[in-house]
Amino acid sequence: MVFFPHRHLLGIKGLSHQDITLLLDKADEAVKISRQREKKTSTLRGLTQINLFFEASTRTQSSFELAGKRLGADVMNMSVGNSSVKKGETLIDTAMTLNAMRPDVLVVRHSSAGAAALLAQKVACSVVNAGDGQHEHPTQALLDALTIRRAKGELSGITVAICGDVLHSRVARSNIILLNQMGARVRVVAPATLLPSGIRDMSVEVFNDMKEGLKNADVVMMLRLQRERMSGSFVPSVREYFHYYGLDAEKLKAAKEDALVMHPGPMNRGVEIASEVADGPQSVIESQVEMGVAVRMAVMETLLVSQNQGERV
């Protein structure tokens, strides 16, 4: 058996090929559990998971909650809107308060990059990063990798085109790191205004034209246009953005005939993706949601078994 050497999951950066493979293999087992009639196990019975979301996210929070409950953990969702944070309590104060409750794992989403890492320094339990600013979203990258691997058989050697608002996307960053680590070829496709500085140093091919970027791709991963994170005008108009960078059936023809269409959600239909593609036969968007629960089950079990029992997983 292989030992998982990490106490926290703060990002994909720092995970080895072996670490990622271990989590994906364990997530494959979790898929089987989730498809059974009796979905609940006792793996984490007696352990406590706190979901601390400073940014609203129905999908991700629900996925983490379901993952914990399927493993038998006691799960508490902390509503920041009604918490002491709104009354002026700092992130560190919140961390110390929660630490005193002696949870076993803290799942945190925050608008500031590095928030999860900061909490990990202040609490005795494991910390899972559910998204921190524009930095990373590790479980999203893992669920995307699992979706691709189950559909294509492997990650090594495939070509993945990540398209859209790369600048503001923690999903893009985590996926680029993971896919490179696993031997995939990664392209990013976006207007120059939505590309971060230094993107060419991340071992990716950069395209400003959709059809060129999608040419013979095995996977087309669309990103949400994150207008809430934009302080200026990054695109002339939504209509023009869709014309040049929205994925429709015509643009998709540039990719391989059996290319997968992915989106981390929530989708802006008619902005970065057309309904005909999102709901089409090449779409694996619903599968991504299913794989999300499985991956988060795998992460929770791997971290908590390692931390609390010192077992090899």
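Quick reminder: no glycine exception, Cβ is built from N, Cα and C everywhere.
Copied from Swiss-Prot, the annotated features are:
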BINDING   Arg59, Thr60, Arg109, His137, Gln140, Gly265, Pro266  carbamoyl phosphate binding site
BINDING   Lys87, Arg170, Arg224  L-aspartate binding site
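Here the features listed in Swiss-Prot are painted onto the structure.
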residue: Arg59; record: carbamoyl phosphate binding site; Cβ contacts under 8 Å, 6 or more apart: Gly265, Pro266, Val289, Gly292
residue: Thr60; record: carbamoyl phosphate binding site; Cβ contacts under 8 Å, 6 or more apart: Phe53, Arg109, Ala130, Gly131, Thr139, Gln140, Gly292
residue: His137; record: carbamoyl phosphate binding site; Cβ contacts under 8 Å, 6 or more apart: Asn129, Ala130, Gly131, Arg170, Val171, Arg173, Ser174, Pro264
residue: Arg224; record: L-aspartate binding site; Cβ contacts under 8 Å, 6 or more apart: Gly164, Asp165, Ser169, His263, Pro264, Gly265, Pro266, Met267, Asn268, Glu272
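Taking the centre of the Cβ atoms of Arg59, Thr60, Arg109, His137, Gln140, Gly265, Pro266 as the carbamoyl phosphate site, the nearby residues of that chain (Cβ within 8 Å, site residues left out) are Ser57, Ser63, Ala130, Gly131, Val171, Pro264. According to its DSSP assignment, Arg170 (L-aspartate binding site) is helical. Here the Cβ of Gln140 (carbamoyl phosphate binding site) has 27 other Cβ atoms within 10 Å, regardless of which shown protein chain they belong to. The binding-site residues examined here are Gly265, Pro266; by Cβ neighbour count within 10 Å, the least packed of them is Pro266. The DSSP secondary structure for Arg224 (L-aspartate binding site) is coil. Of the residues the record lists as binding carbamoyl phosphate, namely Arg59, Thr60, Arg109, His137, Gln140, Gly265, Pro266, the two whose Cα atoms sit farthest apart are 16 Å from each other.
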